[in-house]
Amino acid sequence: MTTVIQRRSTSNVWEQFCEWVTSTDNRLYIGWFGVLMIPTLLTATTCFIIAFIGAPPVDIDGIREPVSGSLLYGNNIISGAVVPSSAAIGLHFYPIWEAASLDEWLYNGGPYQLIVLHFLIGVFCYMGREWELSYRLGMRPWIAVAYSAPVAAATAVFLIYPIGQGSFSDGMPLGISGTFNFMLVFQAEHNILMHPFHQLGVAGVFGGALFSAMHGSLVTSSLIRETSEEESQNLGYKFGQEEETYNIVAAHGYFGRLIFQYASFNNSRSLHFFLAAWPVIGIWFTALGISIMAFNLNGFNFNQSIVDSNGRVVGTWADVLNRANLGMEVMHERNAHNFPLDLAAVEVAPAVRG
């Protein structure tokens, strides 16, 4: 008879839990950031789905005129949204237990705060989890750094902007048409299109899309032939193979002749760093711009029209933008005030006749 003697495990439940959380052998890495990320994102997602489907109207402007955003109250997928918290709540922290009843909490838009704050904690932890997994695997930390761009953008529109404006009611609604409404109102009140940081963000996003398409098409066009005409070219690559799957010299030569020599990268590492850095830096600047405009340091304005020697207005594109901004501002919160602030606070300026 054979007797097998095993050493009894001396680790307790907590040590086993710690080992499981930080193990890179799991199908999905949990990590310490994941311990907080998972419940917060599940909470935000669950509340969003319920609110998008059935939340009652919210008194967003604090003037007893509720706005419906859910599907069961007459909206569709395009027009539906989770409406931001009421202006009557302002920046006050408004959990369920701060309201006198659940009906009051829903009427004042409590679900918006619950969703946004849990969502932000969740995406912060997701970024930390990216860094944590990179650290465990001995990788460099740039994946988390790149992800910081959309995290900064989300933080700017959901947290920094409401803080600067003094109320969560100014945050971005959680829906398709609500997002576009937020963009139009932001342009009307802050002239974001004329802010240099937003312009850098546009260059980052559009430039990143252009560079991604250029890189992908160049690589695909210079693949090393490994298959016949009857086979898919994708079969010519084996996961983990040591040799390069495309000819970077050919791609470099093509692009160098198409534009000029120094427009083409001859170093694969610097090329991919550039592809990552360009859109990330652009989105960083946009998030910074929104955070600046949150405190009303707005984009360039040209409110003083150009006039000739007889006092007649010489129409410019700036006048067109100004009138468009005023029109959008008049439509915004039309029952909360009679005039946009810049119409009510200054003397009537000459307008372009069109």
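Every residue, even glycine, has its Cβ placed from backbone N, Cα and C.
Listed in sequence order, Thr40, Leu41, Thr43, Ala44, Cys47 are the same-chain residues six or more apart from His118 (chlorophyll a ChlzD1 binding site) with CB atoms under 8 A from its CB. Per Swiss-Prot, the feature chlorophyll a ChlzD1 binding site maps to His118.
Look at Swiss-Prot and you will find Tyr126 tagged as pheophytin a binding site, backed by sequence analysis. There are 20 other Cβ atoms within 10 Å of the Cβ belonging to Tyr126 (pheophytin a binding site). In the three-state DSSP scheme, Tyr126 (pheophytin a binding site) falls into the helix class.
Within the same chain, the residues at least 6 positions away from Tyr161 (site 'Tyrosine radical intermediate') whose Cβ sits under 8 Å from its Cβ are Asp170, Gly171, Met172, Ile290, Ser291, Met293, Ala294, listed in sequence order. Summarising the annotation, Swiss-Prot assigns site 'Tyrosine radical intermediate' to Tyr161.
As annotated by Swiss-Prot, [CaMn4O5] cluster binding site applies to Asp170, Glu189, His332, Glu333, Asp342, Ala344. DSSP assigns Asp170 ([CaMn4O5] cluster binding site) to a helical segment in the three-state reduction.
DSSP assigns His190 (site 'Stabilizes free radical intermediate') to a helical segment in the three-state reduction. According to Swiss-Prot, the site 'Stabilizes free radical intermediate' annotation covers His190.
Taken from Swiss-Prot, the feature Fe cation binding site applies to His215, His272, supported by sequence analysis. Sequence-distant contacts of His272 (Fe cation binding site), defined by Cβ-Cβ distance under 8 angstroms and a gap of at least six in the same chain, do not exist.
Annotation source Swiss-Prot lists quinone binding site at His215, Ser264, Phe265, citing sequence analysis. For His215 (Fe cation binding site), the Cβ neighbour count at a 10 Å cut-off comes to 17, with all displayed protein chains included. Secondary structure at His215 (Fe cation binding site), as computed by DSSP, is helix.
Cβ packing within 10 Å was compared across the recorded positions Glu189, His190, Glu333, and the lowest neighbour count falls to Glu333. When the binding-site residues Asp170, Ser264, His332 are compared by the number of other C-beta atoms lying within 10 angstroms of their own C-beta, His332 comes out lowest. Counting in whole angstrom, Ser264 (quinone binding site) lies 42 from Glu189 ([CaMn4O5] cluster binding site) by their C-alpha atoms. Cα to Cα, Tyr126 (pheophytin a binding site) and His215 (Fe cation binding site) are separated by 28 Å. Around Phe265 (quinone binding site), taking its Cβ as the centre, 19 other Cβ atoms fall within 10 Å, counting all chains. The subset of recorded positions (Glu189, His190, His332, Glu333) lying with their Cα within 10 Å of the Cα of His215 (Fe cation binding site) is empty, i.e. none.
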